[in-house]
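Under the heading active site, phosphocysteine intermediate, TrEMBL lists A:Cys338. The substrate binding site annotation in TrEMBL covers A:Asn275, A:Ile276, A:Cys338, A:Ser339, A:Asp340, A:Gly341, A:Trp342, A:Asp343, A:Arg344. Positions annotated as coiled coil by TrEMBL: A:521-548. What TrEMBL lists as compositional bias 'Polar residues' is A:570-596. Annotated domain 'Myotubularin phosphatase' per TrEMBL: A:126-504, in sequence order. The domain 'Tyrosine specific protein phosphatases' annotation in TrEMBL covers A:307-351. The annotation region 'Disordered' is assigned in TrEMBL to A:570-658.
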Amino acid sequence: MEHIRMPKVENVRLLDRLSSRRAVVGTLYLTATHVIFVENGSETRKETWVLHSQISSIEKQATTATGCPLLIRCKNFQVIQLVIPQERDCHDVYISLIRLARPVKYEELYCFSFNPKLDKEEREQGWKLVDLNEEYNRMGVPNNYWQISDVNRDYGVCDSYPTEVYVPKSATAHIIVGSSKFRSRRRFPALSYYCKGNNASICRSSQPLSGFSARCLEDEQMLQAIRKANPGSDFIYVVDTRPKLNAMANRAAGKGYENEDNYSNIKFQFIGIENIHVMRNSLQKMLEVCELKSPSMSDFLWGLENSGWLKHIKAIMDAGIFIAKAVAEEGVSVLVHCSDGWDRTAQVCSVASLLLDPYYRTVKGFMVLIEKDWVSFGHKFNHRYGNLDGDPKEISPVIDQFIECVWQLMEQFPCAFEFNERFLIHIQHHIYSCQFGNFLCNSQKERRELKIKERTYSLWAHLWKNRADYLNPLYRSDHSQTQGTLHPQIAPCNFLYKFWSGMYNRFEKGLHPRQSVTDYLMAVKEETQQLEEELEVLQERLANLQKSQSGNNKVKSKQQDRSKQFGLYTSNNSLANTPQEYSNDLKSFPSRSPSQGDEDSALILTQDNLKSSDPDLSGNSDQESGVEDLSCRSPSGGGCLPSEDSGKDSDEAVFLAG
Amino acid sequence: MEFAELIKTPRADNVVLHRPFHSAVEGTLCLTGHHLIFSSRRQDNAEELWLLHSNIDSIEKRFVGSLGTIVIKCKDLRIIQLDIPGMEECLNIASSIEVLSTLDSVTLMYPFFYRPMFEVLEDGWSSFLLEQEFDLLSSVTNEWRLSCVNKDFSVCPSYPPVVIVPKSIDDEALRKVALFRYGGRFPVLSYYHKKNGMAMMRSSQPLTGTNGRRCKEDEKLINATLRSGRRGFVIDTRPLAVAQQARAKGGGFEQEVHYPQWRRIHKYIERFNILQESFIKLVEACNDQSHNMDRWLSKLEASNWLTHIKELLTAACLAAQCIDREGASVLVHGSEGTDSTLQVTSLAQIILDPRCRTIHGFEALVVREWLQAGHPFQQRCAQSAYSNSKQKWEAPVFLLFLECVWQIHRQFPCSFEFNEQFLILLFEHAYASQFGTFLGNNENERAKLKLPQKTMSLWSWVNRPDELSRFQNPLYEANSLVIWPSVAPQSLQLWEGVFLRWNRPSKFLEEAEEERINIIRYNKELQAKVNALRRQLAEMEADEEAQEE
């Protein structure tokens, strides 16, 4: 609290990004955890809530006649533009936010104060929802080839690895320790995914410390052991996910990559994925394109191309596809690494797992996947997502890219995933929100020291509780797309990778489809379920009636309920057809003046709008801004014509110029 | 002319057909007067490919030894390859295809030979008469009338025999106005917005010339659509500079002095060869086999296709906004009034009028605003994206319109009665068809060709219940509201259903569509069952109560 210089500022204007005219006036509050903007206005008092941990940058812009503008960019891609009347107030808000957005201790993060009013037992249950032991058992290990190793039980070998790792049975502690000494940050090869069907596996590690000529017998034995754990194959692939040039440069620093001559029976392969710095810049460039006020098609496409973002997404996918193919089709085990083995390696292993195993395409399985490949293997969440104030060069959208890969796959395989786009968006949100303890810190070791499970709640339990919101209506566990390995098209396929506006322009509802097919179909399915139940009841009644042939009118009351339920999805959908503001090029068209019709109050049901069940997101007030975006003058019946707008002439000049 | 003379080799065996995403098939190739027919010899899974010669956009041939290869690029953008053993056979077949796919005479086209195998329930040639449209209009307003001034096509050769005009304007005035508008295309009613009584009219450019010629009747005609004291908007689909230059050639635009109640807005929409080039470049980009993401995006950008889509949608939204939000009447025109004008007026109706989002309503819109309005289909659709010839009349004007509809459809997936396949069907048939609907350039030509007597209408076929069911959108729920699409680049996508149709795997997407249909169908079945049971129970219970009493 000591960081809040200015808890409340009145007469602040919240600008609409697309149209400066559509500003709303309200009061800005700074709390220990949130920035809150409450709109003035008698009835609704819409609220916009932003968690401090979501703030990625705050920019104070040059003071104008109307006040001092403050631009807040969020990690979940929300952009908030405020104008504060007094320069001094603005400065205080700015200074306060700078500090609040960059906590220095974990204890300052929201998860330590967030209280969803669950008792201790419920919290513990929540943490047990995703259990990696169970997951490895599901995969089929331990077995004749793989065993759990306790060599890292006190994080003695590798402090960024979990205590329990699976290694080939023939890999002795001596081999593991020896190998770990020959790998960056001692991240020795360990099992990421085991394919029950053919014994092929995906292992992960960091780069070897090979320099130009160094060798390590134990490391060579380790790779040998991985190969032996797959008796059907006489070699393994070693996939280095870095561009070759980067890997070679590392040799000069005593690191590098495996020399095929030193390791028996490996096939070495580079799959160039760029490093975190390139990715950070790429996202930055793409977000600049997303933020353009009214870009032309060329501006947009050129900017998208120039950012290189989709190229990077495709590189990650290509690596995942290569590995999945090696495992599923060739039955060959793969060892994956990059430099430290916690960014690109995590991306690629998880994409490959997702392609290989339908389980990871379920709601529960996806949580398990993130827990397995990201959380347990020491992906540095704190550094990459800037939860605590740290080196900005450590920040990079590594898991964001993985999440996007999943979305790209969902677009190509619409029936293959049990979850929907909203699930991905909410996970992305919570990776940055620090509302739940799952993604805190940089390793399991740190999390245990911080007693995360005792002091915070698990996101997975929260999402699981609301899983009905995250289901893909097209998913059927008996559908062919949900069986076996997914085979994305390889070439030509550039055109299959698309810009994800649902994520990167997430808060600009006006850009998204106005009717959500997912929500519509979910509503239909829900109604179908009710119908099935009713049908059963009716059939029973009919049977009873026919049997008894005498009066039994008890069940009669049930009849009335149906009519209400019938309206369920039809009304849902007609709301979605509410006229909306048609903006951008015509943003200053003199049309959004008086005469608000009744339909305006209708809220368009798309995406997150519905999700009041999610405390943070409702707090974040998507739906409020959604209403604001979409409220516009609507048809007000036959004779009532809107009055002339005073600003008309200047507005028309816009068309003429355009 | 006998087709047989053009076919030196009517049949070739051991031909191998290659298509993307299909394994090669060996079979027999036959040429008929109108079709290229390939049938596989596999007994288990006999496969036939029937390709209309008129669907063939270009053909390439090459030889390796005596094995000839013909690459056929179709107007529907598909590319197939045929390996034909024997150089002579291959050359003969190639030259026959070349001739047969570029026949000059309309009356030699397949629609004149096609004999339908289905029973005609309703003759599509008379399904969409302007008179019916006028009846609907008359029930809400009496400010308009049907005029037969063009009954023999003498006033405007590209207009239909009947048009709807303001009631206060007589035929004599119309004749004068026709002389003042390019090609005789005087302003006629395109759409009447029932909600507020505003009208959208369309015409061609006025022939003001350099000395600012005026026509009192023209002014009177368009002013007749205005409410007293209110202004209207002229949406000119040319940039101001082009409109000004047009004066030198006798054309021009409505000048403020003579049309004080009208506000002119120039909303530029590209024309002819620019569009055709864009189309060619886009299809090239989509067929690019390279693995390079940057190259794909830059080619997509360089094609400018999506820019045209965005501009067109923006112009249509503007027209719709003027009508619905500003409560103003609108006159739309470009130069000739047969291309960009129709794109804007028809898209504005999609946005404004729920009826145009039904299957029948959309068909009516295509008939009214494209066929009857004199969009020169035969010229525009003579060649598609693989054309080599640089004829200036070809342009994907209608395809752009269809794609804009698709873009709106994507944003409002529950508001259209038809599905994407319906739009693709219209695209295909506009370029090559067994039906006569899209032949000719206007109603005048169609009448001379006696198309209604000699050919079958697309609508006769497509409106049969069996066919229609394939084009229904399972998610459709009538939506009486105006639907405003977003035109931001983030909201517009490449129309994969057309441009990537032949080079992406469609299986998974088709399965998804099937799943959507099943979900809805099952729900409806259950509803029906539950309702029937409820009725039955109610009756039984009523009977019992009656017995008890």
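Please read every residue number as a count from 1 along the shown chain.
The backbone N, Cα and C atoms fix where each Cβ goes, and this holds for glycine too.
Any TrEMBL annotation is an automated prediction that lacks curation.
A quick note: this is a predicted structure, and the numbers were derived from the prediction, not measured.
Locations of recorded TrEMBL features on the structure.
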{"residue": "A:Asn275", "record": "substrate binding site", "DSSP (3 states)": "coil"}
{"residue": "A:Cys338", "record": "active site, phosphocysteine intermediate", "DSSP (3 states)": "coil"}
{"residue": "A:Arg344", "record": "substrate binding site", "DSSP (3 states)": "helix"}
For the domain 'Tyrosine specific protein phosphatases' (A:307-351), residues assigned helix / strand / coil by DSSP: 31 helix, 4 strand, 10 coil
Cβ-based proximity (under 8 Å) of the recorded positions A:Cys338, A:Trp342, A:Arg344 to chain B, or none: none
Additional residues surrounding substrate, by Cβ distance to the A:Asn275, A:Ile276, A:Cys338, A:Ser339, A:Asp340, A:Gly341, A:Trp342, A:Asp343, A:Arg344 centre under 8 Å: A:Ser206, A:Thr241, A:Arg242, A:Thr345
Rounded inter-Cα distance in Å - A:Arg344 (substrate binding site), the residue listed as 'active site, phosphocysteine intermediate': 6
C-alpha spacing of A:Asn275 (substrate binding site) relative to the residue listed as 'active site, phosphocysteine intermediate', in angstrom: 9
Confidence summary (mean pLDDT) of the domain 'Myotubularin phosphatase' (A:126-504): 95
Neighbour count (Cβ, 10 Å) for A:Asp340 (substrate binding site): 19
Greatest inter-residue Cα distance in Å for the substrate-binding set A:Asn275, A:Ile276, A:Cys338, A:Ser339, A:Asp340, A:Gly341, A:Trp342, A:Asp343, A:Arg344: 12
Least Cβ-crowded entry, counting other Cβ within 10 Å, from the recorded positions listed as A:Asn275, A:Cys338, A:Trp342, A:Arg344: A:Asn275
